[in-house]
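**Student:** Let me begin by handing over the structure; questions about it come next.
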Amino acid sequence: MIHTNDNKIIKDLVDIDPINEERREKVKEAMLHAWDSYEKYAWGQDELQPQSKNGVNSFGGLGATLIDSLDTLYIMGLEDEFRRAREWVANSLDFNKDYEASVFETTIRVVGGLLSAYDLSGDEIFLEKAKDIADRLLPAWNTPSGIPYNRINLVHGNPHNPGWTGGNSILADSGTEQLEFIALSQRTGDPKYQQKVENVIIQLQKTFPSDGLLPIFINPHSGAASYSTITFGAMGDSFYEYLLKAWIQGNKTETVKHYRKMWETSMEGLLSLIRKTTPSSFTYICEKNGGSLSDKMDELACFVPGMLTLGSSGYGPEKAEKFLSLAKELSWTCYNFYQSTSTKLAGENYYFYVGEDMGIGTSWNILRPETIESLMYLWRFTGNKTYQDWGWDIFQAFEKNSRMDSGYVGLKDVNTGAKDNMMQSFFLAETLKYLYLLFSPPSFFSFDEWVFNTEAHPLRIIPRSDKEEGLGADGKANSRLVTRPFSRKHGRTGYS
């Protein structure tokens, strides 16, 4: 039995607002342009450099853009492109590389991308490859505390942390593997992946601060937090996101309630970091250093409005409205990160000054998705088309400033419009996918059935048994994947 109501989805797609249908098609065309450029100039390499029309292996030559794009191609119904990518994965993807990989980046892009492609297509090759790379990453968790080292050689193992962290592990890098590794255990029937990543949360729970705000550096030997910055931007961000999403992935059951409890504690802590500018009353999130607050916010932290929106439904009515209201305020700030520049593209971070509202700190833009991600969640939960219009504004700014004949590039400076020479893999994985979903009906990839990892790879939510940690008595996942081929418009899957 297919749980997805096929007739309803087809009806939604037929009845889609003509403006949104046109916008969706424009986004799909942008994806096709980005993909064709990658296929022409950088096939099989990690990322395309559009200006020099060549590829670069910034992730050890694992085909990062190709793997990051698999689910976007599938979701948009780009069948031929998906099949060619699948053949490359089957015949050319090789993880046996003498390369010091980031455990975090490899997990969210490669493991997540392969698992999502598996959930969508049911093709076993994606699951086999996901297991292969995960097995190579697994020794990173072999530390005294279970908090993983953040780098590992894909051939030799030898996990370690980069020198600049002083031997510490990074919070986001160590606490953003739960979704992928739990999903891998569910789909393979092998609990070892899940056990490693859930132990991280158990360790952090032991010394979890009363405000739920952890510094960005964690000692992998003791498991204790080291004195360092507290932020919802770089190096902190996705840890908080995964506390919420692991609870959602686990069907919000008793087994995973500690994730939700930790997340709610962290959201109370978040409130202590909220400030407003003058004269325009833009709401923003401070960073914290020791006892003092810094009036700085990364564009990366613009995922927070979406996270708050997604998590608001787990609260009672009063708190739900409080956090949804905060999400709306923060999204207005993030939209204005874009609107405040001459190119209408956001800088990397902003500072806030009394009487002057916001000013750009770091002025580059590397095609990031976070603001669009939040607009998509807000549109889904509120039905307010304003969020779609804001997203369309941002998409048009990318089209005007970042599009070239040979792909898309970031900007070295959002004030001058000077271009860089990199099409980040997450532009195809996240930015364009979230734009496509922003202009799609809310029933399309329902949040009741899918949870998106921090690289925007949708993972199917499957039943998780409290007693058996999500695995059946036979050691297999409790749900059987039922696959659907590409339909008239989109591929769909269900679990029976």
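Residue 1 is the first one shown; counting continues down the chain.
Even glycines carry a Cβ here, placed using N, Cα and C.
Please treat TrEMBL annotations as automatic predictions, because they have not gone through curation.
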**Student:** According to the record in TrEMBL, which candidate from C286, C302 pairs with C334 in a disulphide?
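**Tutor:** So the cysteine that TrEMBL bonds to C334 would be C302.
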**Student:** For E370 (active site) and C334 (disulfide bond), what Cα-Cα distance in Å is obtained after rounding to a whole number?
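**Tutor:** The Cα atom of E370 (active site) is 9 Å away from the Cα atom of C334 (disulfide bond).
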**Student:** Using Cβ atoms only, which residues of the same chain lie under 8 Å from T454 (Ca(2+) binding site) while being at least 6 residues apart in sequence?
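**Tutor:** For T454 (Ca(2+) binding site), the qualifying residues are I108, T176, L179, D237, S238, E241, Y242.
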**Student:** How many Å separate the Cα atoms of C302 (disulfide bond) and E105 (active site, proton donor)?
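**Tutor:** On Cα coordinates alone, these residues lie 19 Å apart.
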